[in-house]
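J.: Below is the structure I would like to discuss, written out as structure tokens.
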Amino acid sequence: MGQRLSGGRSCLDVPGRLLPQPPPSPPPVRRKLALLFAMLCVWLYMFLYSCAGSCAAAPGLLLLGSGSRAAHAPPALAAGPDGTAPRLPFPAAPATPPAAGQEPAEGAASQEEPSPESPDSPSSISSFFSGSGSKQLPQAIIIGVKKGGTRALLEFLRVHPDVRAVGAEPHFFDRSYDKGLAWYRDLMPRTLDGQITMEKTPSYFVTREAPARISAMSKDTKLIVVVRDPVTRAISDYTQTLSKRPDIPTFESLTFKNRSTGLIDTSWSAIQIGIYAKHLEHWLRHFPLGQMLFVSGERLISDPAGELGRVQDFLGLKRIITDKHFYFNKTKGFPCLKKAEGSSKPHCLGKTKGRTHPDIDRDVVRRLRDFYRPFNLKFYQMTGQDFGWD
């Protein structure tokens, strides 16, 4: 009846066994495990992606260092063929050297003491997420003034999740301008979209070339100036120098060209920096007044949350830094942060801040107040603010 198969059986007897059989289906447990593993991978990817922004934004968990706004910034400059940073398309204006035997009048050598910390140094987490951010040129700069409270302002601002800032003072627009914008940009920390890049170098305010140079980088740069009673500021400036050079002349001898006539020596940088109206004139030739914010160094101590509210409004940020972020340290006489960036512990400025001032002859202080009074009044008129120093 048909072809016989081995074993004596006919192909008609086993028709089904001649057709290919489908592979056996995996057990239900293995299918579920594979599906669970795939879902876990997707969840882990989404968590890591979101953490690149949320971990940087959470106060007390600021581990990504500092950064900048990824959008609305000029494109990166291409490096030269030899790998060096590109030069700007316009020449750098040469700085005027100080006269022999005098301190630099423009304050280029005057510098706030660097913070002993390095809050913008990269951590392992920031390195892991470095691909999700980019380095941008600063959209806002604290340009002055020395011994006015710039370090305190920067440290307070760093609490805000949308502010990323360089810890050290770059001194690009007064000392390193010839290195080019690409070099300057590389100093900035990586940031995510919507964050603001900031830096602070107090000597910019008294550097003649700085306004034009910053304007050439971006005419939209927002400028913040922390000002303080110029007499108190000068004494604080002298106190800082005295701590480094105990053999310098007395404050009184440096203040006057001729003590008997009462002629003030305006070539001394400690005196010249406090003539705010004179320096502001240079800036207003390149920036409108509305693009500058003048912060009171005195109110930054007495009402830090109030001044920080003005700064946040000026920068277009949500008011996140409030009274709850501060406590007053009676020993130092300064407000301190309850939680600093990247730490869950309270943080006060270093021991170099809040030094005890030497006693200055009252007659010297009175003559200095008389000297500064007309400049202060002009500064009030130019800014539309009365800082109450007179």
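Every residue gets a Cβ built from N, Cα and C, even glycine.
So TrEMBL lists the following for this protein:
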- 1-26: region 'Disordered' (REGION)
- 75-87: compositional bias 'Low complexity' (COMPBIAS)
- 75-133: region 'Disordered' (REGION)
- 88-97: compositional bias 'Pro residues' (COMPBIAS)
- 98-133: compositional bias 'Low complexity' (COMPBIAS)
- 138-373: domain 'Sulfotransferase' (DOMAIN)
- Lys147, Gly148, Gly149, Thr150, Arg151, Arg228, Ser236, Lys353, Gly354, Arg355, Thr356, His357: 3'-phosphoadenylyl sulfate binding site (BINDING)
- Lys147: active site, for sulfotransferase activity (ACT_SITE)
- Cys336-Cys348: disulfide bond (DISULFID)
J.: Quick check: of the binding-site residues listed here (Arg151, Ser236, Thr356), which one has the Cα closest to that of Cys336 (disulfide bond)?
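T.: Going through Arg151, Ser236, Thr356 one by one, the Cα closest to that of Cys336 (disulfide bond) is Arg151.
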J.: Just give me the nearest neighbour of Cys348 (disulfide bond) among the binding-site residues Lys147, Gly149, Ser236, Thr356, Cα to Cα.
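T.: Checked the binding-site residues Lys147, Gly149, Ser236, Thr356; minimum Cα distance to Cys348 (disulfide bond) goes to Gly149.
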J.: Using a 10 Å cut-off on Cβ-Cβ distances across all protein chains shown, tell me which of the binding-site residues (Lys147, Arg151) has the largest neighbour count.
T.: Lys147
J.: Per residue, counting other C-beta atoms within 10 angstroms of the C-beta, which of the binding-site residues Ser236, Thr356 reaches the highest number?
T.: Ser236
J.: Please work out which residue of Gly149, Cys336 has the most C-beta neighbours within 10 angstroms of its C-beta, and give that one of the recorded positions.
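T.: Answer by Cβ density within 10 Å: Gly149.
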J.: Measure the Cβ-based neighbour count of Cys348 (disulfide bond), defined as the other Cβ atoms within 10 Å of its Cβ.
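T.: Result for Cys348 (disulfide bond): 18 neighbouring Cβ atoms inside 10 Å.
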